[in-house]
Amino acid sequence: MATMLKVSLVLSLLGFLVIAVVTPSAANPFRKSVVLGGKSGVPNIRTNREIQQLGRYCVEQFNQQAQNEQGNIGSIAKTDTAISNPLQFSRVVSAQKQVVAGLKYYLRIEVTQPNGSTRMFDSVVVIQPWLHSKQLLGFTPVVSPVY
């Protein structure tokens with residue numbers, strides 16, 4: 001009878017430990033901190049070909065949109081340097097992704113401007129692989145803080 005009680009107690013404790021390790025909680029050291037719908041970092045950005053190609057796509061789309069907007073203004077705008085010398089993609093320097101109705105990427109991209117200087121831009125792009133869709137949502141220059 002005492003042996004049966006010990007076995008029952010050991011099995012109960014073992015079951016409790018298994019549940020404690022498997023159940024996600026803030027106290028669980030094995031749990032990865034992920035917030036549903038939250039942003040997560042993208043590892044190995046420099047060597048990640050998909051992310052670098054996505055950055056190049058963002059710059060190309062921005063250049064195309066700028067060219068289309070300038071072309072709609074009139075013949076004077078067609079001599080603008082933004083059209084004859086568009087931004088050149090250099091590299092993606094940081095990236096985060098978020099699961100939405102697809103994947104939303106937040107990229108910080110280094111570009112070379114027509115005058116040869118480099119500048120950072122933040123871009124947002126959504127990919128929906130099942131629709132074969134990729135859409136640039138935003139492409140804005142990073143403003144350096146003035147101290």
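Cβ atoms here come from the backbone N, Cα and C positions, even for glycine.
Per Swiss-Prot, the feature signal peptide maps to 1-27; the stated evidence is sequence analysis.
Classification of GLY37 (site 'Reactive site') by DSSP places it in coil, neither helical nor stranded. Neighbour count (other Cβ atoms within 10 Å of the Cβ, all protein chains): 8 for GLY37 (site 'Reactive site'). For GLY37, the entry in Swiss-Prot reads site 'Reactive site'.
Listed by sequence, the residues of this chain that lie at least six past the ends of the domain 'Cystatin' (87-117) yet keep a Cβ under 8 A from its Cβ atoms are 36-42, 45-46, 48, 51-52, 54-56, 58-60, 62-63, 81, 123-129, 131, 133, 137, 142. The domain 'Cystatin' annotation in Swiss-Prot covers 87-117.
Mean model confidence of the motif 'Secondary area of contact' (98-102) amounts to 93 (pLDDT, 0 to 100 scale). The annotation motif 'Secondary area of contact' is assigned in Swiss-Prot to 98-102 on the grounds of similarity to another entry.
Feature annotation from Swiss-Prot assigns N-linked glycosylation site to ASN115. Around ASN115 (N-linked glycosylation site), there are no C-beta neighbours below 8 angstroms that are at least 6 residues distant in the chain. Under the DSSP three-state reduction, ASN115 (N-linked glycosylation site) is assigned to coil, being neither helix nor strand.
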